[in-house]
Amino acid sequence: MSLQMVSTVSNSSLLQPGFSLLNFDGHVFFFGQKGWPKRSCPTGVFLLDIKQNELKMKPAAFSKDSCYLPPLRYPALCTLRSDASADEYQYIIHGGKTPNNELSDKIYFMSLVSKTSKKIIFQCIEKDLGGDVPEARYGHTINVVHSRGKSMSVLFGGRTYTPLAQRTTEKWNSVVDCLPSVFLIDFEFGCCTSYILPELQDGLSFHVSIARDDTIYILGGHSLQNNTRSPNLYKLKIDLPLGSPAVTCTILPGGISVSSAIVTQISDTEFVLLGGYHSDNQKRLACNTIVLEDGKIEIVESVTPEWTPDIKHCRMWFGCDMGKGSVLLGIPGANKQIIPDANYFYILRCKGAEEDKEELITQNCSQTSSEDAGDSAPFEDSEEFCFSAEANSFDADDADTYNEDDEEDESETGYWITCCASCNIDINTWVPFYSTELNKPAMILCSSGAGHWVHAQCMDLSETILLRLSEANVKYFCNKHIDLNKGLQTPQKVMRLKKPPMKPLRKKKTMKLPTSAKKSFLRRLFE
């Protein structure tokens, strides 16, 4: 085994735990970036271009008939082929978390439409399902089995939020294990069927699943209810006759108590399992070889790579299969790097003798753990993202490289901004304050200047006032601009000028002469 460090160029802050891998023809893409997509790449899907141990990100486009695909973190995904020997395939994507920490229950099909040296176009289609539709979840796995000339998808495990009827103010956003049901999904008819098996008693998440023909092996995983990592090895066998499918489960000996482990395939029948955690604060540095042959599974210890001191002493790590016997590993950069939230990345190569063979159709799926990143809980903090070393063969124009510096800082426009000097809303510690809140804090627009958003809780708004403001068409001003609000609502008084009243005009008085005087006057006038 060989371990080699990979450097990231400029936009490494987007490469946080939680990415998902799409590998088409040796070119590897990922989606589920940190935060919502921006103008430079509205699809949120990137090509990972590796040249001379440097990683660059280049945006990909969607076709006009594609649906919207949110940047989902920690979904379940696998490849779907028309039959086991088909060359063309597409990806199934189910569940995951949005940047607002909302869980998705939707399922998408992603396929490659066209690829040139300068532009890559995908088609994304949302599928409607009926029957026993799996609830929204993350940290689960999905695989495709083939039996009697038919194919079906099998979904198992994961976590979800506490049901609404069981939520309290203190544990509003807490997560629980999904029920240990096995879901069979028939995409030809768009229907789902759930199976409850007596061998599966506890819910599991961030486990490893390997599918081969009509059999799925489930290894490890973490149960929140018991806070344990299962030592059991489960064998699911799916028979697809003309009638109803038959699902059976067998518990096999020789399992490994591990969570967040990674599996990579090195030959037609051999796999390597590495990484993960023995406990909340103990990484698993050992490696194992898994052999699938003649309908049986064998797990033996294998050679351990020479881990660097940084890998040995870090409290958390994450990674994923890169294909053809290679694994990408990431560890937190902590305070060692100038760029905040940056990570160190390594490529571990453990290829077998058949490393030049074409990509094998056997599927493996592993889920690393989730929740909020921090020093207190490294186990549930590692989320999986990966890319392939084969991406260095893609000769694309460097002018198309995604540059995060050209974008606006998303931290200034989301729900988790610092809205004022006294703001105490933190994505890692926030709990709902109002009854209308679920996964994100309530915000209100301040009408000062061009306008800016503030948290209702930071403005000390009661729930009654908040509801009135949301229903009424009135302007609101935050605590900082309340004086401007008063000035607009109460105009300054203007002193009126006092004007003296105008005197009415008086009529001139005329003298009236008596009749005898008028006659005397007329006589004198005519004499």
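Every residue, even glycine, has its Cβ placed from backbone N, Cα and C.
According to TrEMBL, the feature Zn(2+) 1 binding site maps to C419, C423, H455, C458. Sequence-distant neighbours of H455 (Zn(2+) 1 binding site) (same chain, six or more apart, CB under 8 Å from its CB) are C419, C423, I425, P441, A442, M443, listed in sequence order.
Under 8 Å, Cβ to Cβ, and six or more positions away along its own chain, H481 (Zn(2+) 2 binding site) finds C446, S448. Under the heading Zn(2+) 2 binding site, TrEMBL lists C446, H452, C478, H481.
According to TrEMBL, the feature domain 'Recombination activating protein 2 PHD' maps to 414-491.
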What is the separation, in Å, between the Cα atoms of C478 (Zn(2+) 2 binding site) and C458 (Zn(2+) 1 binding site)?
10
Just how many other Cβ atoms lie inside 10 Å of the Cβ on H452 (Zn(2+) 2 binding site)?
17
Packing count at C423 (Zn(2+) 1 binding site) (other Cβ atoms within 10 Å of its Cβ):
15
These are the binding-site residues: C458, C478. Which one scores highest on other Cβ atoms within 10 Å?
C478
Is it possible to get the count of other C-beta atoms within 10 angstroms of the C-beta of C446 (Zn(2+) 2 binding site)?
23
